[in-house]
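What TrEMBL annotates here:
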DOMAIN    63-597  domain 'Major facilitator superfamily (MFS) profile'
REGION    1-22  region 'Disordered'
TRANSMEM  63-80  transmembrane segment
TRANSMEM  128-149  transmembrane segment
TRANSMEM  161-178  transmembrane segment
TRANSMEM  220-242  transmembrane segment
TRANSMEM  286-305  transmembrane segment
TRANSMEM  317-334  transmembrane segment
TRANSMEM  354-375  transmembrane segment
TRANSMEM  395-412  transmembrane segment
TRANSMEM  424-441  transmembrane segment
TRANSMEM  453-474  transmembrane segment
TRANSMEM  495-519  transmembrane segment
Amino acid sequence: MADSQPLLGNRADDYGSTTAGEDGIIERIPTPLGAEEGEEGGEDIQDGVLRIEAVSRLWTKRGLMIAYLGIFFMAFTTSLEGQVTYSLSAFAVSSFNKHSLLSTVYVVQGVVNAVIKPPMAKIADVFGRLEAFSICIVLCVLGYILMAASRNVETYASAQIFYAAGFTGLQILQQVFIADTSDFLNRALFSSLPDSPFLVTVWIGPAIAALFLAKSTWRWGYAVWTIILPLAFLPLGLSLLINGRKAEKLGLVPKRRAMSTSSSADNKKPSLSTAARNLFQELDGIGILLFSLGLSLILIPLTLVSRSKTGWHDPHIILMILSGILLLVLFPLWESHAPHPLLPLELLKSRTFVAGCLLGFFYFAVFYIAVQPYFYSYLLVALNLPVTSAGPITQTFSFASTIAAIAASLVIKRLGGEPRPKPWIVFGATIYTLAILLLLHTRKRGVSEPVLYTAQMFLGAGAGLMHVATQLVVQAAASSSSNLKGRNRHQHVGVATAAFLTLVQVGSAVGSAVSGAIWGRLIPGKLKEYLPEDAKGEAGKIYGSVREAVSYPWGSPEREAIARSYQETVEVLLWVALGGKGVVGVVAVGWEEEGLKGKKVWFGCF
């Protein structure tokens, strides 16, 4: 029947030849990726992969449309939630009189985001897509509950671990599902579907946040998503559940192997301890712990040093940083012998891959120094903008980067043939630099909102162009690399993309830590210097709460002193960001397109 054909293209080339009965249901399981003649890996197919291969052939046009509608509902919900909670986060930490620790929250998010993508994709392969999606929903809900109920900044920051793991997991799983149900030709376009809600939510999210602040509290701005997100997941969840049950009844998938991480020649049920050990090994649990703890122990103290009475002489801070350095030294030593490394060191032999990761690391670090996490607070305090204006200005970056990425994807697909990503990267880097220079121009009183929007638009467009082209060139270099032994072409691309996205998120964590260190070092001293004598005693409260800062009337001596402190500090942040942008420019102009000449590559998301 026509209704039983896949909606997004025939994937026989991906999975091998199949035969279909009159009702369109396959009569044998298609050959998995990596099992083709001459490729390795066909003997070790995991339960989650086997199930999705069978389920993918059972989609009807109507069923797949419902599933993709579910993807859109989830993407819209997480996008809107991100816009709302971003506008609330400064008020949340301010309620604990710890506004300066906003950067600590972003560091925690960045570290979790850096390490969660590869393990979450692996969990989807081991247990199944439905199970992985469900785990992420539970993690997000747990994060929302902890944030809404938090009574101190420690609980609020700890909640970011669950929230960031769930949120980032949903992002990668949406891309995995799209890869499961689309062909290579259409994948680049459909992979942009989860980003499309940004075109709308960037404008309505801050208004909703302002409504929560005016009519309720910031806590309800987190609590409502404990209900909304699970409801948004229902269409996709039910679609995967129904098709999975159908595949089981038809005998198209084997029975689950009780947490076994791979298929085996015999059907012996592994013990719980053996299964858990196998899963921990395949997820590179030791590598994840070394990498995430090492980064955290180095970066988080940078955001806390200003709150220590002895500063850099605090033995706890010194011990944390030295411990972090030790763990990061041990990380590559472990990865060189790990059976399933988080970041395969063989990739570093490719100059193109290294250059791409340097670009991703630095342009994300630059953004988190220049804009996150304090630009929003700067708009509220130093420019006296309301939440309904400050929110859309800061989130214009997401709007512009989404449009630029989609446009670049379409143009690259339309051009086809030999890829030439370098012009896109150089052009994006140039726009990025102009945006930071324009942001420097905005650090004065009376700057107009259109100028602020324009700066954010340029910044987002430059980032979008660089990200699309850089990810493409990293994937292409990996697919042509001879350094990754024992993996087929598809595995090369997946490993390289996961490593690239991991290092990009590390850039965001480093940028947040740098901005936090500068903010904490400069703001307290400037407030004590510029505040009137009768208000100097309130410097601590003003430093710790954005609500306290905006409570002083606009134009009063106190507010003028606060605004000046913010403006001078943000100017320093921008000059530091401009220095980092210099590295991006050098790499963008100087690298060679190794491994790309004469090759046709596919473009898509991991």
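Using N, Cα and C of the backbone, Cβ positions are placed for all residues, glycine too.
Only pairs six or more apart in sequence are counted, and the transmembrane segment (395-412) with the transmembrane segment (63-80) gives fewer than three Cβ pairs under 8 Å, not enough to call it a contact.
With respect to Cβ pairs under 8 Å, the transmembrane segment (424-441) is most closely packed against 453-474, considering the stretches 128-149, 286-305, 453-474. Beyond the transmembrane segment (220-242), the same-chain residues lying 6 or more positions past its ends with a Cβ under 8 Å from any Cβ of the stretch are 55, 63, 66-67, 69-71, 73-74, 76-78, 81, 84-85, 88, 129-130, 133-134, 137, 140-141, 144-145, 147-148, 177, 208-209, 212-213.
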